[in-house]
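Reviewing the structure listed below.
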């Protein structure tokens with residue numbers, strides 16, 4: 001692994017300290033070194049707080065922030081590894097604690113790489129513009145949590161930070177694509193928590209209410225924490241917080257069961273009118289001659305009783321003995337499940353998941369296709385993911401993946417990706433023999449099918465047992481083919497999966513062929529910045545465990561290309577290239 005190569009250097013540092021153990025000055029120098037590192041940690045924490053509002057832009061544009069963390073982590077690991085316990089008279093109990101901390105720091109080095117790959121893949125999936133499917137709320141929320149952008153205040157600050165960034169640069173300029181990606185992602189996060197989508201780059205869009213009365217300062221407690229606009233119908237929820245009725249209802253309809261402000265899980269989803277606050281708002285408006293904005297009747301935008309009855313009837317028709325009636329019902333449910341979260345919740349509440357799973361086994365190809373796609377749409381909501389798995393859908397979806405029509409197979413792969421956002425479902429898919437048909441789709445599917453299979457296999461391979469299953473299923477040859485066929489535009493996805501697999505001994509054995517080393521060197525030489533970063537990471541992982549891979553790469557002329565990456569690559573690529581160059585120097589000296 002990457003950290004193995006680094007540990008060799010760390011061990012050398014430890015021996016150097018031990019060789020000077022007799023000198024009291026060495027002990028004091030070590031203490032001073034640790035104190036300096038602790039001060040760096042404090043500065044890092046302060047940097048994190050003051051730059052929190054910029055974390056989104058940093059995630060899209062660079063990895064400099066994570067480099068700071070890793071450097072501090074590495075320095076602390078080296079310092080603790082060299083502590084002369086006898087010289088300091090440290091007790092066994094304290095020594096155990098120091099050694100335990102060293103183990104945790106060592107593990108952190110391995111974890112951060114996996115998290116980096118996962119973050120990169122999440123960004124690729126969410127920002128994909130070639131997919132007409134609805135974005136999976138679970139992956140958007142996972143990304144929001146990784147970037148620490150899941151509260152109204154976080155998103156408000158990030159909006160301001162992006163606007164200031166564009167202003168400082170005198171417009172979007174050559175970074176227009178990155179800026180637009182940032183804005184697109186920011187809007188997805190806002191949509192998830194029910195915030196209004198506004199023009200991020202337009203100052204005037206920050207608050208329509210305040211724009212109408214710039215001279216007035218509206219009391220903070222009159223503003224809805226979600227929309228930051230004055231409330232016309234304030235309601236209290238189980239956490240004791242008050243929100244605009246329409247805003248909090250949208251939050252609940254998106255399958256959230258937490259308070260947007262406190263993030264605590266709610267005991268119930270009932271709301272109560274906050275008459276006291278409403279009276280204060282009305283009194284303030286009258287005194288300041290301020291007219292409350294007119295709100296559309298939210299009840300009219302909710303699912304009408306007729307709509308609810310329609311869904312209830314459709315679920316009943318799914319259980320009909322008449323095939324044509326089932327065909328029409330499942331097709332309509334597929335359409336409704338794609339439209340909005342309210343429909344997805346209603347279909348699940350009316351017991352629609354169980355019959356959808358049951359008809360997956362029908363020999364009628366159109367029913368199969370529509371039912372698996374409906375389940376894909378329903379799985380966008382996290383609660384539904386659990387319900388779908390509980391009804392035994394995963395083996396049935398895998399059956400469609402193996403034997404269904406082209407579109408049914410593609411949507412089955414996408415459904416497995418969505419369901420595998422939950423760790424317990426990753427295990428179920430692996431144990432249900434779902435990986436071999438995904439590998440087959442990766443090898444023989446259409447461009448869209450390959451993309452669906454790749455994202456599903458990446459998610460599943462985050463589970464260590466599934467790595468071995470994927471390797472046994474023959475995942476390596478189709479991944480290598482994706483590297484050769486650059487027209488498919490899936491080089492980064494393939495390299496990301498390979499980077500997960502090379503952390504497994506069987507993966508290194510299967511992947512470490514001379515022809516593959518040559519391909520990696522080619523990407524390090526002529527690939528995109530992201531290609532170079534991924535290829536360098538994979539080669540470092542291989543070389544850290546087997547020096548023959550390093551020697552092979554040197555024969556293919558990788559050294560000069562790594563020197564170039566070290567100076568002009570992405571921040572992460574520079575770090576990996578530097579570690580690889582150091583490893584090559586050690587290998588040549590042996």
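Using N, Cα and C of the backbone, Cβ positions are placed for all residues, glycine too.
Values in this document were obtained by computation on a predicted structure and should not be read as measured data.
Taken from TrEMBL, the feature region 'Disordered' covers 1-28.
Per TrEMBL, compositional bias 'Basic and acidic residues' is recorded for 17-28.
The average pLDDT computed over the domain 'U-box' (217-291) stands at 86. Residues or ranges marked as domain 'U-box' by TrEMBL: 217-291.
Remote same-chain residues near the repeat 'ARM' (351-393) are listed as 133-138, 141, 254-255, 257, 311, 314-315, 318-319, 323, 326-327, 330-331, 333-334, 337-338, 341, 344-345, 399-400, 404-405, 407-408, 411-412, 414-415, 418-419, 421-422, 424-425, 428 (criterion: CB distance under 8 Å, separation of at least six residues from the stretch ends). Marked as repeat 'ARM' by TrEMBL: 351-393 (among others).
Look at TrEMBL and you will find 392-434 (among others) tagged as repeat 'ARM'.
TrEMBL lists 433-475 (among others) with the feature repeat 'ARM'. The list of residues near the repeat 'ARM' (433-475) in space but at least 6 beyond its ends in sequence, with Cβ under 8 angstroms from a Cβ of it, reads 114, 118, 121, 125, 131, 394, 397-398, 401-402, 406, 409-411, 413-414, 416-417, 420-421, 423, 426-427, 481-482, 488, 490, 493-494, 496-497, 500-501, 503-504, 506-507, 510.
Residues of the repeat 'ARM' (351-393) grouped by DSSP class, helix first, strand second and coil last, total 33 helix, 0 strand, 10 coil.
In the domain 'U-box' (217-291), helix, strand and coil residues by DSSP number 25 helix, 12 strand, 38 coil.
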